[in-house]
Amino acid sequence: MSYLIIGGSKSGKSLYAQNLAKKLEEKDGKLYYIATMTPFDEEDRKRIENHIKEREGYGFITIEKSTNIGDLKDTVKSNDVVLIDCITSLLCSEMFSKESKDLKEKDWAKYISKGVIEILEICSNTIVVSDYIFSEAKRFDEFTDEFRKELASINIELAKVCNKVIECNFSNITYHK
């Protein structure tokens, strides 16, 4: 089963995803946590520390993978449970990484979606976490607008292929699919 969990910052989506992953864990499979955030400042480092503390005791094998998510298709197996947290950080890392400089802006959504979908097709249970950053009424600079468009495109592609789409809003769960 594949799940897309979307919510705002600090909405409880990561904790919900971790609990779901633990419930889905198979006896002979591995439980992977794919951490996609590249820390850019102290706030990011604190957020990562909090996520690590939240995961204690779950039995996750953590893989730090902030770019080229599709490379993991050779690591995961069909009976593994994979939690990718989160698409927003992955997109940010891709857009700012030195390795991704050769990708054109219009290719980020396609590139990331393709990599994630390859993992979805391999693993019987995959959970993907993403952010909802689309309700602001104010205008943003061109780069921020491009980021939001790319994230929206990724979310749309993943929502099409995932079996379940779940919205997390202050730990209130809404099932859309």
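Any Cβ shown, glycine's included, is placed from N, Cα and C.
Quick look at what TrEMBL annotates:
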BINDING   GLY7, GLY8, SER9, LYS10, SER11, GLY12, LYS13, SER14, GLU64, ASP85  GTP binding site
ACT_SITE  HIS51  active site, GMP-histidine intermediate
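On the structure: features taken from TrEMBL.
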| residue | record | Cβ neighbours (10 Å) |
| --- | --- | --- |
| GLY7 | GTP binding site | 25 |
| SER9 | GTP binding site | 10 |
| SER11 | GTP binding site | 19 |
| LYS13 | GTP binding site | 26 |
| HIS51 | active site, GMP-histidine intermediate | 18 |
| GLU64 | GTP binding site | 11 |
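Residue pair SER9 (GTP binding site) / the residue listed as 'active site, GMP-histidine intermediate' shows a Cα separation of 13 Å. Cα spacing between HIS51 (active site, GMP-histidine intermediate) and LYS13 (GTP binding site): 11 Å, rounded to the nearest whole number. In this structure, SER11 (GTP binding site) belongs to neither helix nor strand by DSSP; it is coil. For the recorded site, GLU64 (GTP binding site), the DSSP three-state label reads strand.
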